[in-house]
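Copied over from Swiss-Prot:
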SIGNAL    1-27  signal peptide
CARBOHYD  Trp34  C-linked glycosylation site
ACT_SITE  His42  active site, proton acceptor
CARBOHYD  Asn44  N-linked glycosylation site
DISULFID  Cys50-Cys110  disulfide bond
MOD_RES   Tyr60  3'-nitrotyrosine
DISULFID  Cys64-Cys122  disulfide bond
BINDING   Lys65, Asn66, Gln67, Asn68, Thr69  substrate binding site
DISULFID  Cys82-Cys137  disulfide bond
DISULFID  Cys89-Cys98  disulfide bond
CARBOHYD  Asn92  N-linked glycosylation site
CARBOHYD  Asn111  N-linked glycosylation site
CARBOHYD  Asn138  N-linked glycosylation site
ACT_SITE  His155  active site, proton donor
Amino acid sequence: MVPKLFTSPICLLLLLGLMGVEGSLHAKPRQFTWAQWFEIQHINMTSGQCTNAMLVINNYQRRCKNQNTFLLTTFADVVHVCGNPSMPCPSNTSLNNCHHSGVQVPLIHCNLTTPSRRISNCRYTQTTANKYYIVACNNSDPVRDPPQYPVVPVHLDRVI
């Protein structure tokens, strides 16, 4: 007997398990809006060294993130990019809320080299470059995001 797709309890548990894993990898901490989380992950490099800077992000997510890119620019400058023409997002072409920076910015890419269950033991290498970037933008949270920004970056889709 072959179980029917999505009606079998086993298939349902597998599907829910996969969704849970996927969701946890892309989840933001509840206390932040998507724009605030974007700023923490991609603008606010609290230290010039990836290992120290990633500790902030990893503490919120309670795991060592495999890689991350910090744009060495201001949140206001990235918000300005949201005003550039919309384009399909390279990582998901069904979404049309991405915007190309139009100018290169300095950035630091952090790559996990020493994973650990203990967040403070995770180690990263870093690479610096000047690159264009593509961000996804959405309407801001009218209560929790700065009122001067009606549209805000919510996802760093790609660096080029």
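Glycine is no exception: its Cβ is also placed from the backbone N, Cα and C atoms.
Among the recorded positions Cys64, Cys82, Cys137, Asn138, His155, the ones whose Cα is located within 10 Å of the Cα of Cys98 (disulfide bond) are Cys82, Cys137, Asn138, His155. Within 10 Å of Gln67 (substrate binding site), as judged by C-alpha distances, the recorded positions found are Cys110; the full candidate list was Cys110, Cys122, Asn138, His155. Closest by Cα distance to Thr69 (substrate binding site), from the recorded positions His42, Asn44, Asn92, Cys122, is His42.
When the Cα atoms are compared, Asn68 (substrate binding site) and Cys110 (disulfide bond) turn out to be 5 Å apart.
Using CA atoms as reference points, the recorded positions Lys65, Cys89, Cys137, His155 were checked against His42 (active site, proton acceptor), and the closest is His155. The substrate site, placed at the center of the C-beta atoms of Lys65, Asn66, Gln67, Asn68, Thr69, has further neighbours from the same chain whose C-beta lies within 8 angstroms: Met54, His109, Cys110, Asn111, Leu112.
Neighbours of Asn138 (N-linked glycosylation site), defined as other CB atoms within 10 A of its CB across all chains, total 15. Neighbour density at the Cβ, taken as the number of other Cβ atoms within 10 Å, is lowest among the disulfide-bonded residues Cys89, Cys98, Cys110, Cys137 for Cys89. Residue environment of Asn66 (substrate binding site) contains 12 other Cβ atoms, counted within 10 Å of its Cβ in all protein chains.
Cys50 (disulfide bond) counts 24 other C-beta atoms within 10 Å of its own C-beta, drawing on all protein chains shown.
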